[in-house]
Amino acid sequence: MFKGIVEGIGIIEKIDIYTDLDKYAIRFPENMLNGIKKESSIMFNGCFLTVTSVNSNIVWFDIFEKEARKLDTFREYKVGDRVNLGTFPKFGAASGGHILSARISCVASIIEIIENEDYQQMWIQIPENFTEFLIDKDYIAVDGISLTIDTIKNNQFFISLPLKIAQNTNMKWRKKGDKVNVELSNKINANQCW
């Protein structure tokens, strides 16, 4: 379980594509390197991954399952992209946010971004077959960020992220049309990334 709070922003340094797996090299921020080692559990844009190796500040992950690559946003990533990172909370630590399984329910599309002095707001559209799982004022996670659904319209939902928080996540670089990972408040989890 993860906290739904972004602890740092990683940068994709390298992607190696193979027949049965993809290998991702992520440059980690200095504040997250302490304690990161092989087999550490990491939240990567809302998806649970296991570290395969660490070389200085470069952390490697393997994405094995073809279905995982098909269902989440891994197929969208390119070198230079920024990703949200989080770690498994230590026993007894305050969680904040809401507890996430880091199992992606579906991939959604950003259809509108509205920014003002205090908030970054978005309309996000999920696949129609997940509409029934949207609950007004319920928790939802977008790329691993714990949020509350403000409004629902058909298969779209509206969220407001305080600007000071948005500036410390990959949402700072998001634009209309981008794909994001969504976890639907533990009501349904269709996929797990390893």
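Glycine residues also receive a Cβ, built from the backbone N, Cα and C atoms like all the rest.
As written in Swiss-Prot, here are the features:
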type	residues	note
BINDING	Lys179, Val180, Asn181, Val182, Glu183	FMN binding site
REPEAT	1-98	repeat 'Lumazine-binding 1'
REPEAT	99-194	repeat 'Lumazine-binding 2'
If you count the other CB atoms within 10 A of the CB of Val180 (FMN binding site), including all protein chains displayed, you should get 26
Counting across all protein chains shown, how many other Cβ atoms sit within 10 Å of the Cβ of Glu183 (FMN binding site)?
-> 29
Could you list the residues of the same chain, at least six apart in sequence, whose Cβ is under 8 A from the Cβ of Val182 (FMN binding site)?
-> Gly46, Ile104, Ser105, Cys106, Val107, Ala108, Ile124, Ile126, Phe130, Ile140, Ala141, Val142
Taking the Cβ of Lys179 (FMN binding site) as the centre, count every other Cβ atom within 10 Å, in any protein chain shown.
-> 16
If you run through the repeat 'Lumazine-binding 1' (1-98) with DSSP, how many residues end up as helix, strand and coil?
-> 13 helix, 42 strand, 43 coil
Reduced to three states, what secondary structure does DSSP give Glu183 (FMN binding site)?
-> strand
What count of other C-beta atoms do you get within 10 angstroms of the C-beta of Asn181 (FMN binding site), across all chains shown?
-> 26
Predicted model, mean pLDDT over the repeat 'Lumazine-binding 1' (1-98) | 86
